[in-house]
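Enquirer: Before we start, here is the structure in question, set down as structure tokens.
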Amino acid sequence: MSFLSVFEQHSWQGMSERINAKQASDVERALSRRGKRDLDDFCALVSPAAVPYLERMAQISHDLTRKRFGNTTQLYIPMYLSNECHNICTYCGFSVNNKLERRTLDQQQIMREVEAIKAHGFEHLLLVTGEAHRTVGVDYLEQALEWVRPHFSSLSMEVQSLDQADYERLIKQGLNSVLLYQETYHRDNYQQYHPKGKKRNFKYRLETPDRLGRAGIHRIGLGTLLGLEEWRTDAAFVALHLGYLERQYWQTKYSISLPRLRPAEGVQSPNVEVTDRDFVQLICAYRIYSENVEISLSTRERPEFRDHLLKLGITSMSAGSKTEPGGYAIEEEALEQFEISDERTPEEVAAMIRRQGFEPVWKDWDSVLG
Amino acid sequence: MKTEPLIIGDYTFESRLFLGTGKFGSNALMHDAVFASGSELVTVALRRVRLQEQEDEVVSHLQIPGVHLLPNTSGVRTAKEAVLAAQLAREALQTNLLKLEIHPDPRYLLPDPIETLAATEILAKEGFIVLPYINADPVLCKRLEDVGAAAVMPLGAPIGTNQGLQTRAMLEIIIEQSAVPVVVDAGIGAPSQAAEAMEMGADAVLVNTAIAVAGDPVAMANAFRMATLAGRIAFEARMGAVSKSAAASSPLTAFLAQE
Amino acid sequence: MHIYVNDEETPIESGETLDSLLSRLTSGGKLAVAVNDTVIRQAEWPDYQLQADDRVLLIAPVQGG
């Protein structure tokens, strides 16, 4: 049993039609429902018919988020370990066909980065790599976790898709959560965005959260890359995936990210425009669908937009991010995965969070038994 | 009007009302009530045979087309006893269906979660279609699912009390989380309460006392049949709900208009 | 010699089978049997020879919720 069998009961076309058939009455019903909303409600919330309800959705999303998560916002920071990659992803600056200086951090470099990051007070670290199994395989990741583990209370990872046994190894080294975005649930077009490399295998990627769930990971992050395909339909597949996972791997927490395609060197511009208004609708739809899911916001978004989103359902955000390996301590000008939009320091972001009446949380939790 | 069929193990049910057969004034009344209820799954208990006594066989009164028997393990107090009782039930009735109930407490007949979990794991491995009767504990339900329960049967209130869905808040979580059918068992005292459980999204309800001790059990069985069906139709029709209209404080999306 | 049937001391013939015991004591119908806590399937009853002090459990379905 995996998500594949659930996924195959739905077609892209069918899901898209289901969303576009929604009317105001469907949105009203989804908004006023007592208890858990289902996929059909989500389709209504993310549909064009819900656009006139945006303010009401925002109010509900705000209330639900405060009720569940309190007046807090988690802060995390990504650390790029390597930009080596054997994949071609037509939207990504790390693609193998892009000419850029490739670098994989060694122990000494990692520890210099750790020092720079720790100076800001971060306790939640997200490790990021491209996909290069020989240089940045499981052995390297395991080693990197061992090095950074004593310095952080929570370790997340956004790397290539792995086997269950690999995840089990990394969890033993302190890995708490894994973010792995499907990029798009449009199976045919997925192949076009990924013409080369292991990532080309749609099914292997789709079943990754199942392998993570079976490995007993603490948290799984889902999402699609906004700008590739029609975002409403992709979001409905995320909701379907989330609903399946919550039932199947009930001891795991879930988070959703909304990476919006940003310009990067040597990549295509977005196929589909996702406006700020669309973005807000999407956050609110996810929140109203799932009261418990964490929603995370990166520095891809503009500072003033991030400030407004803080109240709408977001539970965690990155701050002060650099998207190149060695970006915090070693050198500033290596080529990035994508351009940062919010270039404020972590201290400035934390001050903004406080000004809005929220508590910035650097340290979410401690593992009680080591 | 037809609703989605309910599937438990290899069995498919059109009716979402399960009946218990205890406490009826006579076997004839029990038969007529089962018939009127439209139920396709009725429970029976197992007891030691009293020697040298002519017994009226319950099973002969339940031979109604489309009605399956669901033996229970009531009377056992441990997982070990439950496993033996289950094996005997399978022999006696030639069915893999089993309502697992282990209650060491003789006053309220509340189920023992620890023994129930242990017995479910053993019996599922032995090929039983196990429906454990349990308190409305969402984590226990997921644990039972993990070890192979075919459905879960959380209680609405202590058995035989007719108090309705006292465990409502927990039942809502169980229904939301469960990957196997949820049958609300015990405590349902009125047809409106059966409808309420079905409207919440329960997959079925099990009713016994409320029908068996009614002034007219056959009429009451009919009422429960209609209430269960009505609740299910309402669920499938996707009910609108009372609006908890969010009193708009300061607008949260006004900034979008400025662009 | 004797055995215990549902905890009741019951005399049997030496070498008596389960089948024979059941036809003496019960009136037929749905029934399940365990001897010393092991279920004996109906097909095995004719060949199953009872031993002294065996604990025989006889179970039948009754009304219940």
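One-based numbering along the chain as shown.
The backbone N, Cα and C atoms fix where each Cβ goes, and this holds for glycine too.
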Enquirer: Check TrEMBL: it lists B:Ala186, B:Gly187, B:Asn208, B:Thr209 as binding 1-deoxy-D-xylulose 5-phosphate. Then name which of B:Gly127, B:Gly148, B:Gly160 it lists for that same site.
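Expert: Among the candidates, TrEMBL records only B:Gly160 at this 1-deoxy-D-xylulose 5-phosphate site.
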Enquirer: For chain C, give the subset of the recorded positions B:Lys99, B:Gly187, B:Asn208, B:Thr209 whose C-beta is less than 8 angstroms from one of that chain's C-beta atoms, in sequence order, otherwise 'none'.
Expert: B:Asn208, B:Thr209
Enquirer: List, in sequence order, the same-chain residues at least six positions removed whose CB sits under 8 Å from that of B:Ala186 (1-deoxy-D-xylulose 5-phosphate binding site)?
Expert: B:Tyr133, B:Leu155, B:Gly156, B:Ala157, B:Pro158, B:Ile159, B:Gly160, B:Leu206
Enquirer: Between B:Lys99 (active site, schiff-base intermediate with DXP) and B:Thr209 (1-deoxy-D-xylulose 5-phosphate binding site), what is the CA-CA distance rounded to a whole number of Å?
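Expert: Cα-Cα, rounded: 17 Å.
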Enquirer: Taking 10 A as the limit, how many CB atoms besides its own sit near the CB of B:Gly160 (1-deoxy-D-xylulose 5-phosphate binding site)?
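Expert: Other Cβ atoms found within 10 Å: 20.
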Enquirer: Within 10 Å of the Cβ of B:Gly187 (1-deoxy-D-xylulose 5-phosphate binding site), how many other Cβ atoms can be counted across all chains shown?
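Expert: Around the Cβ of B:Gly187 (1-deoxy-D-xylulose 5-phosphate binding site), 25 other Cβ atoms lie within 10 Å.
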Enquirer: Please name the residue among the binding-site residues B:Asn208, B:Thr209 whose C-beta has the most neighbouring C-beta atoms within 10 angstroms.
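Expert: The residue with the densest Cβ neighbourhood is B:Asn208.
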